[in-house]
Amino acid sequence: MTTISEVLAWEALDSRGRPTVGCRVILADGASGRATVPSGASTGGHEARERRDGDPDRYGGHGVRGAVDAVRTTLAPLVIGLDAADQEAVDAALESADDDPLLGAVGANAVLAVSLATLLAAAAGSGRPLWRHVSGDAVPLLPLPMVNIVSGGAHAGRALDIQDVLAVPVGATSFAQALEWVSRVRAAAGELLAQRGGTTTALVADEGGLAGGLADNEAALALVTDAVEHAGLAPGEHVGLAVDLAANQLHDGTGYRLDGETLDAAAWRARLERWCRDYPVVSLEDVLVEDDWAGWAAATPALGADRQLLGDDLFATNAGRLRQGIDQGVANAVLVKPNQAGTVSRARAVTELARAAGYATVISARSGDTEDDWLADLAVGWRTGQLKVGSTMRSERTAKWNRLLEIEATAGPTEFAGAAALSRSLARR
Ligand SMILES: C=C(OP(=O)(O)O)C(=O)O
Ligand SMILES: [Mg+2]
């Protein structure tokens, strides 16, 4: 009996210490699922809208009592009596609560909490782990991790202009080896940063990356490349670099701000191309502002021919925007953030659309996240091939890495995606 009988909601805290929505969905047979939703800081203009109270006397305006009330009074009556095993029907009912496709009135944080808790309840009711519940008969695929080493932008008090420099263990042959390598790189980067005059203890950014102490943006790419060697690994062969430019955050209306200069589009692209020549960059994310479709189409052949070109704010986990990108030959990979979409079904549809078009998929946490580990199971069960969660430090991040270690060690036969997850783009689509 997987009929939804009760929906509970409350204010919980995320990893930034801000409120988020917690939800438990209880089924008629007593099985239940609980989810707390993540929250971004460098949010795109096209993602589903969180609902915040805006009352400056509670959590500086970040409270989510309105979203919690929306779960109790608006969403619960729509889903009670529905079959939790029919995720699409539940999500359609949730989406019907709001005329705004971005769910701004009810709140995407309210909607996603119910959607996820329903999925987790259905998995619990089926007696199977979440990854198996969503994968059907497919062999579980452990993702290639993309791990934050140096942070800037909105995640680190603008210590750098660019947002993330990440390590991608392209030479690893198992998830456990991949994680061991990037943990070593993180430790090595801390040591090198200390030697180069930075501080490593005080400044840990929202996703657990090192923040501060670097002379300029390029120094972050050099630090991570050197850290790979310092860890006894070969840059590019064992561990490559990924960079999230988060270009929306850099654009000042006239050009891209970098190290105190404003670069026009041509100079900005030339800079990225040089970085890709000088450092082992295997993936670039959000290289241009989210609505510069023409710029993206022009940049894709140059920047995306030999590496992954990933759209985050660009696609906003929105099937319509991804379809437009596919039609216009823009980027070659999509970041999938369930809370940008608003429901589990929408996020899943985006991964399926991407796969059908030959785009790689990277499922991703948010900079404000929680101790939940469902994202790891979705990565495995949806066979996304890649997962971006932040650093190997901070418990809201390690919750996901640890869940993947558990699945690889205990789930029976599994596959590890490895560098092949990137290779559709590396091999030129
Ligand atoms: C995870 C990211 O940051 P946020 O959650 O702040 O959008 C990102 O930009 O990829
Ligand atoms: Mg991003």
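Including glycine, each Cβ sits where the backbone N, Cα and C put it.
Remember, predicted model here, so these are calculated numbers, not experimental data.
For the Mg(2+) site that TrEMBL gives as Asp244, Asp312, the extra residue drawn from Glu207, Glu218, Glu273, Glu285 is Glu285. Through the fold, the region 'Disordered' (35-62) approaches residues 12, 14, 16, 18-23, 70, 100, 102-113, 116-117, 119-120, 153-155, 163, 206, 246, 248-249, 290-291, 312-314, 316-318, 321, 337, 339-342, 365-372, 374 of its own chain, all at least 6 residues removed from its boundaries and within a Cβ separation under 8 Å. When the recorded positions Glu207, Asp244, Glu285, Asp312 are compared by Cα distance to Lys337 ((2R)-2-phosphoglycerate binding site), the shortest distance belongs to Asp312. Only Asp244, Glu285, Asp312 of the recorded positions listed as Glu207, Asp244, Glu285, Asp312, Lys388 bring a Cβ under 6 Å of any atom of ligand 2; the order follows the sequence. Nearest neighbour of Glu207 (active site, proton donor) by Cα distance, taken over the binding-site residues Gln163, Glu285, Asp312, Ser367, Lys388: Ser367. The distance from the Cα of Glu285 (Mg(2+) binding site) to the Cα of Gln163 ((2R)-2-phosphoglycerate binding site) comes to 10 Å.
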